[in-house]
Structure formats: structure tokens, C-alpha cells
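Asker: Here it is, the structure in full.
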Amino acid sequence: MRILVTNDDGLTSMGIVTLANELAKEHEVHVVAPETQLSSIGAARTYNRPIRIWRWNGGLYNGPVDVYATDGTPSDAVFMGINMFKPEIVVSGVNLGENVGLESLFISGTIGAVIQSSLIGVPGIAASIEVPPHSKFIIPQINGDYFSGIVKVIKGIINHIEAEGWVKGVDALSLNMPSPSRWSGGYVVVSRMAKRLFKETVIESSDPRGNKIYWRWGEELMPLDTDTDAYAFYREGKLTVTPLILGDSSTGLSDIVRSIEELISKVIRA
């Protein structure tokens, strides 16, 4: 398959490097991704200035992978990449840090990228993995083996899609995998996302010149509703698979969940 790969952590993140290199062993892979870290930018687009894109030769990626950097957002990267390469599917990730709960749909650049592709008509997979809390908004030095579990799942889904077609009634899939030490192979197809996971507050401080500065930060809310993606992820250590449906679907939700469960079951057992 012809695959477009992007992310919001920047094209030097080991998550996207590992994913692209692995996919390129079996598929035609093009990477178009932000040059720098752009976490929590959602599906933002650039309209107030030109978007620059250039071939990137900074190493890290294996020879077959075609790599471009952009000064735009993940959504811009997908828009440009679809116009340039006409991919059959877009894969966004692997994001450093999970994207669990309803807020992630509006905040995550990883998910924003596949929302953009879906609006154009190209299905997408957004993939995220749990990392230590202090690493969520930086690029930690994580070995490529850390991503082996979720990369295996992504490759399995793509191989299934290549053989049997995309999941009927679904625009995109969002995958969230616990850290390797917490994941034992369990999974859940999500029909309800947790509404709010953190109680945010304003943290006030000062810069070296004495000017006031502010941070948004918060602690995890407790307890978690047991029928949500957050509970399955944080409390049960399960891979969560969330179907994203933009608008009405002629396929019933129960049928969608059943078909995804069958797909993921085959992938996990493989």
C-alpha cells in the first residue's frame, strides 16, 4: 500500500522513525511531518502565511522511506502529503504519550492529522503509546524496541485493510497502547470516551525579569467511570481502539464494534 506517515512530535521522534522504517519493509512509505514538536495543536491549519515543505536528509530513516519536513501543523502535513503522494491510508504516530478521553479529540495533533485525512476522504490510523509522565511533551530518548507492540498492531491492521478493505462505517481509528511493562495483550474497542481526565489549574510564576508567567497543568481526576476508554487503559492496562466517525454512518455502532473486535483479535493473535 501507499502510506503517508506523520505525527505531532516532529520527524526526529523515535516513534515516527521506528514506525516508518518498519512499514517501509512491506509498503511504499512517504513521511511528511512537522520539523519541530507541535503537541496539543489539534487539527489546526495554517492560513496566515505560506507553508514550507522540503526534503529531509537528516539520517534516522532507512533508504526506502521518502521524508519531507514542514513548518506547518500535522494537519498541514497531511493536506500537503495527500496532494503530493495520493496515499491509500494515513498513519499518524507513534505519539509519545497516550491520547485517551474526549478532550484528546480536540487537542491532539496526532488525532487531528487523521481527522484532516478523513475529511479529505483518506482513512487514517492515529497511534499513541504511554510514556513516563515527565516525557509527554518532550522527545525522550526511547529505544525503537519500545514501540514494537504497537507497530505490530498497526502493521497487522494495514495488512488486513490491504486484503479486505477499510472498516465499514468508520473514518479513522485511534489506538492507545499502555507502556510495554503494563500491556499484557488485552484490548477493548471503545464506544464511550471519558469526558474529562484532569482537573486543570493555573500555575503562576515569574520570568527572570520579574514578569508574570502562567502554566496550565492539572492532576488526574478520580475515580474513572468503568465503561470508558480511560478505565480500560489506566486501570486494566488494555490497548484501546476507538473508531472515529465524522457525521452519520449507515452502519450501526454495534456492527462497527464487532467488526473492529474481529480485526484486532486476529492482529493480536498473529
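Each residue, glycine too, has its Cβ placed from N, Cα and C.
What you see is a predicted model, and the numbers here were worked out from it, not measured in a lab.
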Asker: Do you know which of ASN95, ASN99, ASN143 Swiss-Prot groups with ASP8, ASP9, SER39 in the divalent metal cation site?
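Answerer: Divalent metal cation site check in Swiss-Prot: besides ASP8, ASP9, SER39, the record includes ASN95 out of ASN95, ASN99, ASN143.
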Asker: If you count the C-beta atoms lying within 10 Å of each candidate's C-beta, which of the binding-site residues ASP8, ASP9 ends up with the smallest number?
Answerer: ASP9
Asker: Residues near the divalent metal cation site, ASP8, ASP9, SER39, ASN95 excluded, by Cβ within 8 Å of the Cβ center?
Answerer: ASN7, GLY10, SER13, GLY15, GLN37, LEU38, PRO74, LEU96, GLY97, SER108, GLY109, THR110
Asker: Counting Cβ neighbours within 10 Å across all chains shown, tell me which of the binding-site residues SER39, ASN95 comes out on top.
Answerer: ASN95
